[in-house]
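Below: one structure, written as structure tokens.
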């Protein structure tokens with residue numbers, strides 16, 4: 001398959017070293033990241049091109065193949081796997097038995113992966129309904145600008161590690177029930193970078209990365225739940241050497257709203273109405289999350305009645321019709337009545353055949369408006 005020239009995509013010379021290639025990739029990946037350019041298809045396509053170019057130039061075999069043939073097709077393959085990419089039997093054993101040293105860089109990749117980072121973000125219900133673009137301030141480790149990520153004062157090149165000879169990993173042989181298996185683990189001398197630094201940078205002290213505070217733009221879709229986690233690839237700490245960039249994990253927290261209870265996409269609201277409204281009915285407008293909601297109170301509505309308002313709830317995460325709002329009706333019983341009001345209610349009680357206390361109503365507003373029928 002024909003591919004775009006990865007050197008042109010990253011804007012580096014054909015003789016560029018690994019550090020120069022990585023710096024170019026990081027700069028372009030952040031510039032064209034979809035979260036930084038929402039709704040821009042060209043930026044998303046460019047982001048993919050940058051990633052593909054880096055995957056070629058960061059792999060010595062793919063880079064050599066491209067330099068020789070102008071393509072990465074027909075890479076030597078192992079018939080055991082029936083495919084390309086240079087898979088071999090040791091890869092299979094690594095899948096089953098893992099890395100004996102416990103973590104670190106994979107075989108043949110010199111460096112250390114950047115750490116993942118976490119950020120907690122609060123959202124309102126209104127933001128849950130419509131989605132929101134948040135600018136999040138994060139603290140992470142970034143490539144040192146003083147030494148350009150080499151760790152050497154003045155940006156010079158570090159020395160080759162004498163233990164692993166620049167490979168970043170050391171090999172060992174172990175016996176298994178299938179025979180001897182060769183495995184690799186990060187070099188204990190250089191920690192997987194493949195280098196040693198004799199004249200460390202004054203800024204990063206040879207660590208190749210420094211702490212930075214950065215702003216990351218995250219597009220949060222509608223319908224998220226409290227406690228949900230979003231992964232933003234490549235926005236964590238920078239790796240060292242050929243190590244991958246870490247990711248940013250955004251943990252979402254939806255603020256409680258005293259007006260509503262939430263059950264998934266359904267919102268539950270409470271509405272207090274008067275005895276007259278319950279008895280005669282009414283057409284009311286109540287406050288929703290983002291707009292007013294019409295509620296029809298039917299004549300004879302009882303306390304505890306649930307009224308469903310279609311489409312006044314929250315949207316589903318992946319699009320579709322909004323959920324409903326359930327309105328729980330509560331009938332207000334007045335705590336004080338005028339003599340005229342008491343007289344009218346007594347007359348109403350007599351007409352309906354209800355019993356009410358004689359004389360002063362000390363039992364609680366005419367026995368809860370009306371007592372038991374005679």
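Note: Cβ is positioned from N, Cα and C throughout, glycine not excepted.
What TrEMBL says about this one:
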- 144, 147, 201, 204: Zn(2+) 1 binding site (BINDING)
- 161, 164, 187, 190: Zn(2+) 2 binding site (BINDING)
- 5-70: domain 'J' (DOMAIN)
- 131-213: domain 'CR-type' (DOMAIN)
- 131-213: zinc finger (ZN_FING)
Measuring Cα to Cα, how many angstrom lie between residue 161 (Zn(2+) 2 binding site) and residue 201 (Zn(2+) 1 binding site)? 18
Using the Cβ centroid of 144, 147, 201, 204 as the reference point for the Zn(2+) 1 site, which residues of the same chain not in that list have Cβ within 8 Å? 145, 146, 148, 149, 150, 151, 152, 153, 200, 202, 203, 205, 206, 207, 208, 209, 210
Of the binding-site residues 164, 187, 190, the one whose Cα sits nearest to the Cα of residue 204 (Zn(2+) 1 binding site) is 190
Within 8 Å of the Cβ centroid of 161, 164, 187, 190, the other same-chain residues by Cβ around the recorded Zn(2+) 2 site are 162, 163, 165, 166, 167, 168, 169, 170, 188, 189, 191, 192, 193, 194, 195, 196
Counting across all protein chains shown, how many other Cβ atoms sit within 10 Å of the Cβ of residue 144 (Zn(2+) 1 binding site)? 23
I want to check the contact list for residue 187 (Zn(2+) 2 binding site): same chain, sequence separation of six or more, C-beta distance under 8 angstroms. What comes out? 161, 163, 164, 167, 168, 169, 170, 193, 194
For residue 201 (Zn(2+) 1 binding site), which residues in the same chain are close in space, meaning a Cβ under 8 Å from its Cβ, but six or more apart along the sequence? 144, 146, 147, 150, 151, 152, 153, 154, 208
